[in-house]
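To start, the structure itself, in structure tokens.
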Amino acid sequence: MPKLRSATSTEGRNMAGARALWRATGVKDNDFGKPIIAIANSFTQFVPGHVHLKDMGSLVASAIEEAGGIAKEFNTIAVDDGIAMGHGGMLYSLPSRELIADSVEYMVNAHCADALVCISNCDKITPGMLMAALRLNIPVVFVSGGPMEAGKTKLSDKLIKLDLVDAMVAGADSNVSDEDSAKIERSACPTCGSCSGMFTANSMNCLTEALGLSLPGNGSMLATHADRRELFLEAGRRVMALAKRYYHQDDESALPRNIANFKAFENAMTLDIAMGGSSNTVLHLLAAAQEADVDFTMADIDRMSRLVPHLCKVAPSTPKYHMEDVHRAGGVMGILGELDRAGLLHTDVFHVAADEGGNLKSVLAKYDVMQTQDEKVKHFFMAGPAGIPTTKAFSQDCRWPSLDNDRQEGCIRSREFAFSQEGGLAVLSGNVAENGCIVKTAGVDESNLTFVGSARVYESQDDAVAGILGGEVVAGDVVVIRYEGPKGGPGMQEMLYPTSYLKSRGLGKACALITDGRFSGGTSGLSIGHVSPEAAAGGTIALIENGDRIEIDIPKRSIKLALTDAELAARREAMLARGPMAWKPIGRERFVSLALKAYAMLATSADKGAVRDRSKLED
């Protein structure tokens with residue numbers, strides 16, 4: 001029978017000093033011997049997705065203590081990618097994922113915690129905590145802050161739904177009046193919560209449900225809705241149940257590595273493809289798989305992308321639906337139910353929402369709105385927006401008049417009526433990206449599934465933005481932004497501003513953009529990221545020159561630079577002849593701190609999840 005990890009610091013006379021310190025935190029005589037449950041919160045007033053999390057740890061703690069545990073909360077950092085976007089702050093976003101993972105590991109291992117609840121929400125926080133949870137391999141439950149309500153405003157007497165990307169595009173579009181731009185800006189992000197579309201934060205929170213590590217509704221229940229309170233309480237109860245199964249019954253199915261196994265990673269990626277999730281999720285799933293020692297690679301993602309249909313279309317791929325609409329249609333469990341009926345889901349995997357001995361199949365039987373007989377579950381998924389600006393969680397209890405069970409023309413479709421039989425993400429490869437690259441096909445217009453254009457090369461995102469706004473980029477160009485990968489940036493910046501500015505200049509469907517950087521979950525259009533190997537690692541993207549012909553064929557999963565092998569070899573020799581300046585950007589002025597340099601020294605390319613290169617750390 002496994003011994004409580006916390007016994008290391010709570011048992012024996014030699015631990016008298018540690019017990020004295022535990023007592024100073026409020027632990028009583030009769031508490032020693034109970035499991036110590038760490039609560040990793042990420043409250044901050046910098047991020048709308050986290051501004052309402054201050055009291056959530058106490059809520060979880062109350063359920064843990066009622067179930068017989070000791071709850072101890074700590075906090076970790078959270079970067080707002082939208083606020084950090086478009087300037088040097090974005091260099092810190094992806095590296096913060098590793099810091100979050102390390103900080104959770106440090107706190108949990110330093111204090112010998114027995115189990116963990118992760119209160120996350122936005123872009124790098126959920127992945128960082130996920131990496132830590134799989135690294136630690138102790139019982140864990142994830143519970144996020146939830147999505148914000150979609151913005152709504154009237155323009156030209158027409159009510160429209162909005163999100164962050166609409167504000168960015170309108171702000172850069174000279175055809176939009178100052179009055180309308182300000183109106184959109186003030187309405188785009190009306191409440192606390194993660195941005196309202198299927199951007200990175202919401203995508204990752206949905207994927208934790210598919211991985212089996214969070215409760216149904218975690219990815220879709222609005223941050224403002226009173227029903228979300230129960231998710232936090234149930235997370236506390238569930239983690240205690242998992243801890244008892246592991247420490248009292250020696251049941252290893254309660255451990256995250258046995259829940260998030262290879263089949264679960266396939267389920268998560270299947271969901272991601274079906275719902276047209278953010279391309280960043282590929283990066284984070286690859287990183288999490290490495291922490292779990294699961295052999296899940298770009299090859300698996302490529303294989304799955306050819307099989308899974310696009311069943312759920314949400315902003316930024318359409319203005320019609322946001323996360324509040326996904327929830328009304330049954331949330332993640334609704335999508336998983338359709339995937340199961342299509343024969344595309346592993347249902348024999350463990351799940352934290354399953355009762356002891358249960359699995360995903362039993363969870364779907366209860367929580368898939370198309371098959372459940374539980375009226376409480378149906379009531380749960382009818383939770384809707386109030387349309388009142390607020391930064392407070394649980395501040396409203398509005399309901400939709402009915403569920404969206406329309407699987408033919410609704411937000412979630414059956415396989416027969418899929419938005420497309422091709423999924424929402426695709427892996428492309430070719431001489432531009434020998435180890436692959438990612439495109440969010442859910443956001444690509446059908447007319448752009450094949451594209452041939454001339455390269456317009458930039459050595460940084462800043463130069464690309466200046467070029468786009470300055471009129472250098474014209475219809476038919478393939479904008480190439482390089483040296484923005486994990487190592488070359490460093491930090492693999494998101495390219496939401498370049499894609500937004502292309503849209504604002506009417507070039508959203510007339511140009512392509514490829515980069516060794518990445519894209520915000522808010523990006524749509526022919527935007528191809530994660531080019532691997534990156535420029536700084538000797539990738540072919542570093543050898544592209546202005547005017548080169550680039551051929552993109554999404555149906556054939558191909559991206560090709562129209563040069564012969566001999567021509568490429570000659571360019572590579574010329575690059576190597578630059579000596580110490582080889583594989584470095586020409587003329588880029590950028591301050592890179594020591595912290596970022598340390599990250600860059602160990603960073604792998606995107607096809608490996610941009611994680612640390614373990615080979616450089618082995619003895």
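Cβ atoms are placed via backbone N, Cα and C, with glycine included.
The active site, proton acceptor annotation in Swiss-Prot covers Ser520 and is backed by sequence analysis. Within its own chain, Ser520 (active site, proton acceptor) has Asp81, Gly82, Met85, Val165, Phe199, Thr200, Ser278, Asn280, Glu494, Met495, Leu496 as residues 6 or more apart in sequence whose C-beta sits under 8 angstroms from its own. In the three-state DSSP reading, Ser520 (active site, proton acceptor) counts as coil.
Annotation comment: Swiss-Prot describes Asp81, Asp123, Lys124, Glu494 as Mg(2+) binding site. For Glu494 (Mg(2+) binding site), the Cβ neighbour count at a 10 Å cut-off comes to 31, with all displayed protein chains included. DSSP assigns Glu494 (Mg(2+) binding site) to a strand segment in the three-state reduction.
Long-range Cβ neighbours of Cys195 ([2Fe-2S] cluster binding site) (same chain, at least 6 residues apart, Cβ-Cβ under 8 Å): Pro48, Gly49, Gly82, Pro147, Met148, Asp163, Leu164, Cys189, Ala201, Asn202, Gly521, Gly522. Feature annotation from Swiss-Prot assigns [2Fe-2S] cluster binding site to Cys122, Cys195.
The N6-carboxylysine annotation in Swiss-Prot covers Lys124 and rests on sequence analysis. Long-range neighbours of Lys124 (Mg(2+) binding site) (same chain, six or more residues apart, CB within less than 8 Å of its CB): Ala78, Val79, Asp81, Ser93, Leu94, Ser96, Arg97, Ile100.
Taken residue by residue with DSSP, Asp81 (Mg(2+) binding site) is part of a helix. Here the Cβ of Cys122 ([2Fe-2S] cluster binding site) has 28 other Cβ atoms within 10 Å, regardless of which shown protein chain they belong to. Sequence-ordered, the extra residues of this chain that approach the Mg(2+) site, with Cβ no more than 8 Å from the Cβ center of Asp81, Asp123, Lys124, Glu494, are Val79, Ala84, Met90, Ser93, Leu94, Cys122, Thr200, Ala201, Asn280, Ser520. For the binding-site residues Asp81, Asp123, the largest tally of other C-beta atoms within 10 A is found at Asp123.
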